[in-house]
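Chemist: This is the structure I have questions about; it appears just below.
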Amino acid sequence: MKFEHRSVMPREVRDGLDLKPGETCVDCTLGGSGHAVTSLAAVLPNGRLIGIDQDLDAIENAHRVFADDMANVSIFHDNFSHLPAILDSLGIKGVDGILLDLGLSLHQLRKGQRGFSFKGDEPLDMRMDMRTALTAADLVNTLEERALVDIFFKYGEEKMSRKIARAIVRQRASAPITRNCELAEIVRAAIPAKIVHQQKIHPATRVFQALRISVNRELEQLERFLETFVDFLNPGGRICIISFHSLEDRMVKRRFRALEQGCTCPRDFPECVCGFKPRLKSVTKRAVMPTPEEIEINPMARSARLRVAWRV
């Protein structure tokens, strides 16, 4: 099966990483390998690309894409939060560029048959790594109403979380909810028509986002990554992180800011006693957004936010 995907902000990522021949880079979320192809071209002939993805479809696609370049490429079917262990297995102490693209691929939405989208008729699964056990159907059919409310509000910032959770619990009492289209219709029916008409997005968007985040423990994995990545970035090396919703972007922004700050002593201390030094410097003050031209060509890019920083 062809892996269908269009990389987001390819020029901005290429310029942000600013890779040179002979360097080592990591693409933490290969997806369709679009960014990875550009990165490998920049570090050849003697450089190295390390590609990671938890989706087996993306891994199989990467092996096809890089079939003639495996002397310079290492591919791992794993989660990006395990970057320290992956680099250790290769005997690599530091890299010159890291890319983390947190978005879903078009392939996952349209051809994955895993219920990521509220369109079509697919199993309510939402696992990115099919080796894991928990599915979205498990959450929807087994969690107490209060727990569903918490997930929808915390991970989807859904204001109608109580009404939606109540509707789900009422519906599943008759029969389990097992298809994406079933859940999408339950959510749509639970929200007052006036609010539905006012929304610019599908009424089930935030609920599906929240379930996907919960199933894949996305924010936990991101937190683990943000705590450790700087330890493996060579001086002068760059990191690019593309996020697609405010929860992720706030986490990235806070971590970059903390690493830029260095000293954590109270402001009224006459001198630093903590010993922390700045370890990172943001390349741009604000997140980079896709151009209107790119959004017209690739509507999935509309909510993307790119943050770039370099290792001091």
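Any Cβ shown, glycine's included, is placed from N, Cα and C.
The following feature annotations were taken from Swiss-Prot:
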BINDING   Ser33, Gly34, His35, Asp53, Phe80, Asp101, Gln108  S-adenosyl-L-methionine binding site
Chemist: In sequence order, which same-chain residues at least six apart have a C-beta under 8 angstroms from Gln108 (S-adenosyl-L-methionine binding site)?
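Modeler: Listed in sequence order: Asp55, Asp57, Arg114, Phe116, Met128.
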Chemist: For a quick check of packing: other C-beta atoms within 10 Å of the C-beta of His35 (S-adenosyl-L-methionine binding site), how many?
Modeler: 25
Chemist: With Cβ-Cβ distance below 8 Å and at least 6 positions apart along the chain, what are the contacts of Asp101 (S-adenosyl-L-methionine binding site)? List them in sequence order.
Modeler: Ser7, Val8, Asp27, Cys28, Thr29, Gly31, His35, Ile242
Chemist: Considering each pair of residues in Ser33, Gly34, His35, Asp53, Phe80, Asp101, Gln108, all listed as binding S-adenosyl-L-methionine, report the largest CA to CA distance in Å, no decimals.
Modeler: 18
Chemist: To which of the binding-site residues Ser33, Gly34, Asp53, Phe80 does the lowest count of other Cβ atoms within 10 Å belong?
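Modeler: Across Ser33, Gly34, Asp53, Phe80, these binding-site residues, the one with fewest Cβ atoms within 10 Å is Gly34.
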